[in-house]
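Visitor: Handing you a structure now.
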């Protein structure tokens, strides 16, 4: 079947609705919607939940942008895109909980298509989800990765190991020599064997995110914590900011191509702290995190 951008867009809009409803049901607070238009073509729906019962901030952003020609930054690496009109659409979300025992989570699913008369369209899917704990719980990590593995299973035995490895490699802070979290799935440039197969996989990832995340939230949201845990959470959130502003391709692409800054930076934690030359106390739960987030096979 030939690529159907309209079908993908409808799925993404419905997915945004579903995820927001599921997060609101856990939190008790509602999302505020901000619809926006892009002068050069397209627009989106940004939804933010702030200072809820469970989530300090949760942002679920849908965007659909299109144009007559690709920006030079994109065609430099892919000369076959030159002279084509394009559509890019996706959902990107980040959840920052109040409780330091509840991990931060991120998910993204996206579709890109570039066309010109008389030529086959160039298209692909990308996406994934990853988890950033502040305090490590093995059962949470196993559940997260088991959910990821199980949703990949119908698409082939090699899919989960391949996309887990890609996730571990992508969410890595080179300047700190450490992982951002415990990973999950990451895929890009997916266009084989055909549109239907790739679209089905993207849908499985999009729907799988809340199955992976919400049971962990429910398990940890009522755990007692104090100033020490909160301070460590704010310190570790600094790594999230560093990754997004220094290494994340999506953030950089959005800012360099005149994307909507408020939506792009919606992933930022609302509060964060840095501390010069900080080292957690030996043997403390905080010190255990650096070992916990090292790459390993969780399932």
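We number each residue from 1, going along the chain as drawn.
Glycine is no exception: its Cβ is also placed from the backbone N, Cα and C atoms.
Since the structure is predicted, the reported quantities are computational estimates derived from the model, not experimental observations.
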Visitor: Of 85, 92, which one shares the substrate site with 108, 109, 110, 258, 259, 260 in Swiss-Prot?
Guide: 92
Visitor: Between residue 175 (Mn(2+) binding site) and residue 260 (substrate binding site), find the distance joining the two CA atoms and give it rounded to the nearest Å.
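Guide: Taking the Cα atoms only, residue 175 (Mn(2+) binding site) lies 27 Å from residue 260 (substrate binding site).
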Visitor: By Cβ distance under 8 Å, which residues at least 6 away from the ends of the region 'Important for dimerization' (240-275) in the same chain are close to it?
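Guide: Non-local partners: 34, 36, 38, 40, 44, 46, 48, 50, 56-57, 59, 61, 63, 65, 71, 73-74, 92, 94, 96, 104, 106, 108, 132, 171-176, 180, 231, 234.
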Visitor: C-alpha of residue 145 (Mn(2+) binding site) to C-alpha of residue 92 (substrate binding site): distance in Å?
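Guide: The separation of the Cα atoms works out to 20 Å.
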Visitor: What's the CA to CA span in angstrom from residue 109 (substrate binding site) over to residue 96 (Mn(2+) binding site)?
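Guide: Spelling it out, the Cα of residue 109 (substrate binding site) and the Cα of residue 96 (Mn(2+) binding site) are 19 Å apart.
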Visitor: Excluding near sequence neighbours, so keeping only residues 6 or more apart in the same chain, what lies with its CB under 8 A of residue 106 (Mn(2+) binding site)?
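Guide: Non-local contacts for residue 106 (Mn(2+) binding site): 93, 94, 95, 129, 130, 132, 267.
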